[in-house]
Amino acid sequence: MGKFKINGGKRLYGEVEVHGAKNSILPILAATILNEGVSVIHNCPRLKDVDSMIEILEHIGCKIDFNGRDIVVDARDVKDSEIPDNLMRTMRSSIFLMGALIARNKKAFISFPGGCDIGHRPIDLHLKGLKKLGVEIEESYGYIRCKGVRVRGNEIHLDLPSVGATENIMLAATLADGITVIRNAAKEPEIEDLQNFLNSMGARITGAGTNTIVIEGVKKLHDTEYTIIPDRIVAGTYLCAAAMTRGELTIVKALKEHLEPLISKLKETGCELKTGNDYIKITCNKRPKAVDMIVTLPYPGFPTDLQPQIVSVLSIAEGTSIVTETIFDNRFKYTEELVRMGADIKVEGRVAVIRGVDKITGAKVLAKDLRGGVALVIAGLGAEGTTVVEGAEHIDRGYESLEKALKSVGADIVRIM
Ligand code: EPU
């Protein structure tokens, strides 16, 4: 198990670039199999989850070349429709193969996906949506067998705007007969990215980014070349790292329109933020101030994927902040580790009360999931003394060479085995 060792108290200063979005590249890689041809994808991040998706695609017959930041997927020979349990369990995003295989092979045989332990993560909305498209689904002994001899467009109203369910339905509906309308769809930028990728292959999808998505099924797709969007959560993580260290960072390849809720909260803490077409500059000279209220919500609300990082910042703020998590039911586990570092945080159900302390101190802490893990790294950057964050493999799922990026802007951080 890898670890990060951080000597805290160094002010971050300089310029750091954001890599491509994890939550775009994963559904887009699954979507490549809809095309019985070749897809070239640019701006691909080197992440553990991307490697896992590549392994799954190779297993079902794709030929893949990952060179620099470009992935070429040759999906001409996709034969298999079965994903073994050990591959399904590597990450949550393996579930995208369900919609993609139904579209390509009219069948899928999978087990339940893995993923970060941040609460209850059912797939009932994915299954309900696919059934509405005429897919027959049989669940037994932890396996899901899907048969979609004739997949037909339909109207689907999602009970919740689930990101994954919206994307899985889009995948299955792209090659269906007729028109599918998804209402109460999730509006995350990564959904728009998936729409744009599918349309670049000849799909006919409109409305992603709003709560109604219309997919007009087409018979066949064609080869494509596509560049994925920057990772808004990575950009937001660097912004929080700057706020934690009273630093000054220019985050390059960051789209401000994807980060409005975080920018607004960081301004409330007293940081100065300037934005341009593709950068965000943050300057923090003083101890951050507490914020009254943060509530995580589906996009364009405050993202649950930035909740742990902002809580780290608020742990050293002047005053008391209240943060409510409404998306996942167990996403405050990392706060126990922050408390070991001297933070004063009380969690009651989905609400965390954070009484800012003057300083936190280095300690040995354990990352148990991706975003909670990176929040501990941020805490370590601002803490007095040395912090060792164990469980670096969780952080590697979503951040490419985090220690190199942070070191380049002045952090004293190394990876140890
Ligand atoms: N939900 C259901 N039934 C379903 C699907 C979801 O009840 O069938 C519930 C979940 O339990 C949760 C809520 O709906 O309470 C939202 O889940 P959603 O389906 O929107 O999340 P997801 O698709 O599993 C994606 C991201 C997550 C991110 C969430 C919310 C990917 C690969 N993952 O997950 O990213 O937190 O949307 O924005 O896109 C991360 O990157 O660290 C991460 C966890």
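Placed from the backbone N, Cα and C atoms, the Cβ positions cover glycine too.
A quick note: this is a predicted structure, and the numbers were derived from the prediction, not measured.
Annotation source TrEMBL lists domain 'Enolpyruvate transferase' at 7-405.
Summarising the annotation, TrEMBL assigns phosphoenolpyruvate binding site to K22, N23. Following the DSSP three-state reduction, the secondary structure of K22 (phosphoenolpyruvate binding site) is helix. Counting only residues at least six positions away in the same chain, the Cβ atoms of P45, L47, D49, V50, D231, I233, V234, R397, G398 sit under 8 Å from the Cβ of K22 (phosphoenolpyruvate binding site).
DSSP classifies I123 (UDP-N-acetyl-alpha-D-glucosamine binding site) as coil under the three-state reduction. Other C-beta atoms found within 10 angstroms of the C-beta of I123 (UDP-N-acetyl-alpha-D-glucosamine binding site) number 18, with every protein chain shown included. Summarising the annotation, TrEMBL assigns UDP-N-acetyl-alpha-D-glucosamine binding site to R92, R121, P122, I123, D124, L125, D305, I327.
If you look up TrEMBL, you'll see C116 marked as active site, proton donor. Remark: C116 (active site, proton donor) has R92, D369, L370, R371, H394, R397 as non-local neighbours, by Cβ distance under 8 Å and separation of at least 6 in sequence.
Annotation comment: TrEMBL describes C116 as 2-(S-cysteinyl)pyruvic acid O-phosphothioketal. C116 (active site, proton donor) carries neither a helix nor a strand DSSP state and counts as coil.
Comparing D124 (UDP-N-acetyl-alpha-D-glucosamine binding site) with N23 (phosphoenolpyruvate binding site), their Cα atoms are 20 Å apart once rounded.
Ranking the binding-site residues D124, D305 by how many other Cβ atoms lie within 10 angstroms of each Cβ puts D124 at the bottom. DSSP assigns D305 (UDP-N-acetyl-alpha-D-glucosamine binding site) to a helix in the three-state reduction. When the binding-site residues R121, P122, I123, L125, D305 are ranked by how far their Cα is from the Cα of N23 (phosphoenolpyruvate binding site), D305 comes first. I327 (UDP-N-acetyl-alpha-D-glucosamine binding site) falls within neither a helix nor a strand when secondary structure is assigned with DSSP, and so counts as coil.
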